[in-house]
Every structure is written in C-alpha cells, then in structure tokens.
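Lifted from TrEMBL, the feature list:
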ACT_SITE  Asp244  active site, proton acceptor
BINDING   Asn9, Leu10, Asp11, Gly37, Lys38, Gly39, Ala40, Asn41, Glu136, Asp244  substrate binding site
BINDING   Asn180, Thr212, Tyr213, Gly214, Ala215, Gln216, Gly217, Gly243, Asp244, Asn268  ATP binding site
BINDING   Asp238, Thr240, Ala274, Arg277, Gly279, Ser283  K(+) binding site
DOMAIN    2-285  domain 'Carbohydrate kinase PfkB'
Amino acid sequence: MIVVFGSINLDIMVPVERMPAPGETVLGGDCIMSPGGKGANQAHAARLAGADVELIGKVGGDAFAEPALACLRAAGVDLGHVGRSASHPTGCATIWVDAEGGSTIVVSPGANRELKASDLDDETLARAALLLLQQEVPMDEMAEVAARAHRAGLRVVLNAAPAMPVPDGLLACVDDLIVNEIELRQIAASAGLGDASPAALASRTGTRVVATYGAQGLVHHHDGTELRLPAHAVEAVDTTAAGDTFVGVYCACLERGLAEADSLSFANRAAALACTRRGAQASQPGWDEIAAG
C-alpha cells in the first residue's frame, strides 16, 4: 500500500491565449473547476495505475470540499484519514493554461495548513510499503512523518514541489527525490552545491535523484549510475498534471515491485498521456492505457 501525506485542492482553471504581463488584464475562456492538489493528484494517479492508496489530508467545511474529493472517491482512494477543518476553507489553486499547453499556478493552501503528522497513525503506517510526500503541507509535519516512515522501513519518496529549501533532516529520511529543473536548482543552492546536476545532488544527499526536464526528458542518478529517458513526443494540450502523474505512476510501479528503470519508463509515458488532455485528475491515464504504450 502507498500512503500519501499531502494536499487536497480544488483547481480553478482558465484557458488563455497567452500569459498576461504584470499589471495586464487579458480575457480568457470558460472557467473549469476540477479536483487537484499535489497530494490528491499523485494519489489519484497511483490508484489509477493499480496501487492501493490511502490519502492523509485535510479539506474545509465548505462547498469546495466534496468536489475536491469526488475523483479520488470514484477511483477508490481510501479517504478514511481525510479530516475537515473548522477554521480554514478547502485549498484552492488558480491555473492559467496558454495556447501551447503551458501553465502558471498560484496555490492558496487553506485547510492543508492544518495537516498534522499525528493525522497518520502507526497502524496505517505499519500497513504501508511506501510513503509519498510533496511540499504543499507544513514542512515540519512532513519531516516528522518522513522520520517515522524511515524508522519503520518504508520507502520514502519526496516530490520537492513547489520549489523551496528542503531541510537536511528531511533529506536524510528520503530514498527517492523527484524534482524538476527549478526545484533541482533550488535544492542544490540551499545545499551549497555549485553544480545543480542530478549527479551532484545524489552524491550530496545519498538519495536516488530523478530530475524531470519537460520536453527534454528526465535523468535518474543513483550510486554513480545515470539513466536518461527522452520525453515522448505528444501534442500538449495542458501540462498541469504531467509532474503529478509521473510521480504517482512511478510510485505505483515501485509498489508493484518493478525495477526503477521500468518504473521510470511507465511514469514517463503516463505523464505524456496526461499532457494530451485538459484537467488535473481528469487527464490521468489508467494502467491499461499506460501499459499499452
């Protein structure tokens, strides 16, 4: 089983021909509301890829809560540890998607700020094989959960997004660190590395480092061995869920017992498929589609 300790949001997406300049107003297309949040998106992707998934998260007591959980519930993600905040609304992300499929995102954390390490009980942790983390929930709570999982022998995967410094204590508990190019530079700088490369970061942290570069593909580095995979050539409609789909499917494949190289290949393919459709969770492919190639 995979335990995801992470954010739950409702996404509000507006398509635009181009991104506005600072101070500029542009007219967009029809607003689309859909479930999102990195924790929720990755949990959903992992579940569609065949993994048993339990999500530890928090929503508000507002009208956004149920729409934010709808796809997760339909997919069969265990929501038994999703709490309700009495003081904060459900997290919300506003997303602009341009004509080329590129996206700009602003997140209002809302109830995600209240997520506590104590929301994940020891019994649930004992049933899990893998813990998946992101950085849209409080860092100190996430670090405590990672330490508990590390002591219990779980594989700990951190998607260090959005970009911010990662404490050394947290990195010491992480087995797999997944970053994009911006996040790689941020963590390398905070670690005092002049070389913002997957190899340098893997050597510094002792983790497996997976760095994704969008259309330029990905690099995996561990113990001095490097694997590069090119991106799949697709006509991108919306890249919003590409990263979360990659992470969720990668973890699902690891939980299946697949080798890292195969897990990366399937995750790479799933991310490309997600780019061909609009939405976050709505764009994510199931295992049959991923495996079909």
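Each Cβ is built from the backbone N, Cα and C atoms, and glycine gets one as well.
Caution: TrEMBL annotation is automatic and unverified by curators.
Tyr213 (ATP binding site) is 14 Å away from Asp244 (active site, proton acceptor) when you measure Cα to Cα. Note on proximity: among Tyr213, Ala215, Asp238, the binding-site residues of the record, the Cα nearest Asn9 (substrate binding site) is that of Asp238. Sparsest Cβ environment among the binding-site residues Ala40, Ala215, Ala274 (other Cβ atoms counted within 10 Å): Ala215. The binding-site residues recorded for this entry are Ala40, Tyr213, Gly217, and the Cα of Ala40 lies nearest to that of Gly279 (K(+) binding site). Between the CA atoms of Gly217 (ATP binding site) and Glu136 (substrate binding site) there is a gap of 25 Å, rounded to the nearest whole number. Same-chain neighbours of the K(+) site beyond Asp238, Thr240, Ala274, Arg277, Gly279, Ser283, judged by a C-beta within 8 angstroms of the site's C-beta center, are, in sequence order, Val237, Thr239, Ala241, Ala242, Cys275, Thr276, Arg278, Ala280, Ala282, Gln284.
Around the Cβ of Asn180 (ATP binding site), a 10 Å sphere holds 22 further Cβ atoms from the protein chains shown.
For Asn180 (ATP binding site), the spatially nearest entry among the binding-site residues Ala40, Asp238, Thr240, Ser283 is Thr240, judged by CA separation. Within the same chain, residues at least six positions away from Asp11 (substrate binding site) with a Cβ under 8 Å of its Cβ are Met33, Ser34, Pro35, Gly36, Gly37, Cys92, Ala93, Ile95, Thr240, Gly279, Ala280. Candidate binding-site residues: Gly217, Gly279. Fewest other C-beta atoms within 10 angstroms, Gly217.
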